[in-house]
């Protein structure tokens with residue numbers, strides 16, 4: 001607990017920022033435009049997904065369910081966090097004046113962790129689903145129902161929410177961050193802050209790493225099967241190419257947007273001497289770095305829907321006409337059937 005000589009809640013740290021500086025940093029027009037573009041992009045992706053899910057194969061349908069959960073998560077994340085940030089930027093209200101008990105700050109901290117970690121976990125889940133579908137087609141049910149796919153999405157959401165609630169249970173703290181328009185985990189040296197910061201950064205980093213590993217194996221397997229099969233043994237492969245292209249795009253976007261923030265959090269909480277003073281102050285350079293990395297991470301919510309929109313078969317065929325003329329292909333089942341017969 002930082003001494004502040006007042007009845008304010010524990011989410012307030014000593015700050016030294018003027019109103020004029022806040023006006024220069026917190027532009028309501030930029031924040032509003034960012035949110036509008038992001039919300040419109042995700043709505044467009046959801047409408048395209050709704051049409052794509054009709055008449056698709058069972059395998060592709062389950063993948064599209066996970067993708068729908070990802071886009072829905074990004075949409076709700078922009079909607080909830082954007083409403084708070086844009087309101088603060090427009091009114092430039094003092095957080096301690098409207099939220100002395102830190103209820104709004106805790107709520108925003110939870111949703112920031114939830115909507116930050118959920119896309120990373122969903123990306124790893126989608127990579128796992130495609131990995132099993134490509135390399136172990138007989139080790140899972142032939143048909144993954146939409147109900148089961150949505151149940152998996154629900155479990156991912158529950159795991160992300162459970163992590164976000166930990167500071168409310170005593171592990172870590174949510175505090176108002178520079179320039180006073182948002183709340184996030186505390187980059188302090190106390191054991192709870194360090195543990196929560198490392199837990200968040202490690203889970204996010206492991207999700208990205210797992211996605212990279214599984215996607216690499218899946219792509220290598222697809223390439224091996226494509227070059228090793230005869231045309232007579234093949235069946236349509238365009239959907240496999242489409243799903244892997246989308247999955248690789250999602251992984252690349254998540255890596256570029258989130259890894260800098262995750263690495264920065266881990267480095268800051270482990271820094272010796274501590275980055276945060278005993279009074280709760282961070283250097284202005286550290287606060288500005290955190291804000292920059294956070295803004296980079298939020299681009300993930302805008303770019304995710306465009307990965308799906310641009311990496312559809314209709315677009316890929318324009319970039320690579322061979323996709324629309326090549327023979328039917330890419331099933332691992334003929335090879336596996338032959339191997340079973342030989343054994």
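Counting begins at 1 with the first residue displayed.
Even glycines carry a Cβ here, placed using N, Cα and C.
Taken straight from Swiss-Prot:
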type	residues	note
TOPO_DOM	1-29	topological domain 'Extracellular'
CARBOHYD	4	N-linked glycosylation site
CARBOHYD	16	N-linked glycosylation site
TRANSMEM	30-52	transmembrane segment
TOPO_DOM	53-66	topological domain 'Cytoplasmic'
TRANSMEM	67-87	transmembrane segment
TOPO_DOM	88-106	topological domain 'Extracellular'
DISULFID	105-183	disulfide bond
TRANSMEM	107-128	transmembrane segment
TOPO_DOM	129-149	topological domain 'Cytoplasmic'
TRANSMEM	150-172	transmembrane segment
TOPO_DOM	173-193	topological domain 'Extracellular'
TRANSMEM	194-219	transmembrane segment
TOPO_DOM	220-246	topological domain 'Cytoplasmic'
TRANSMEM	247-270	transmembrane segment
TOPO_DOM	271-289	topological domain 'Extracellular'
TRANSMEM	290-311	transmembrane segment
TOPO_DOM	312-343	topological domain 'Cytoplasmic'
MOD_RES	329	phosphoserine
MOD_RES	331	phosphoserine
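Around residue 105 (disulfide bond), the same-chain residues at least 6 positions away in sequence with a Cβ under 8 Å from its Cβ are 9, 11, 95, 99, 174, 175, 176, 183.
Packing against the transmembrane segment (107-128) from elsewhere in the chain are residues 63, 66-67, 69-70, 73-74, 76-77, 80-81, 84, 152-153, 156-157, 159-161, 163-165, 167-168, 174, 182-185, 200, 203-204, 206-208, 210-211, 214-215, 218, 247, 250-251, 254, 258, 297, 300-301, 304: each is 6 or more residues past its ends and has a CB under 8 Å from a CB in it.
The DSSP secondary structure for residue 105 (disulfide bond) is helix. Each of the recorded positions 16, 183 was scored by the other Cβ atoms within 10 Å of its Cβ; the lowest score goes to 16. Between the transmembrane segment (290-311) and the stretches 30-52, 150-172, 247-270, Cβ pairs under 8 Å are most numerous for 247-270.
Beyond the ends of the transmembrane segment (150-172), by six or more residues, the same chain brings 65-66, 69, 73, 106, 109-115, 117-118, 121-122, 125, 185-186, 192-193, 195-197, 199-200, 203 to within a C-beta distance below 8 angstroms of the stretch.
DSSP labels the residues of the topological domain 'Extracellular' (271-289) in these numbers: 6 helix, 2 strand, 11 coil.
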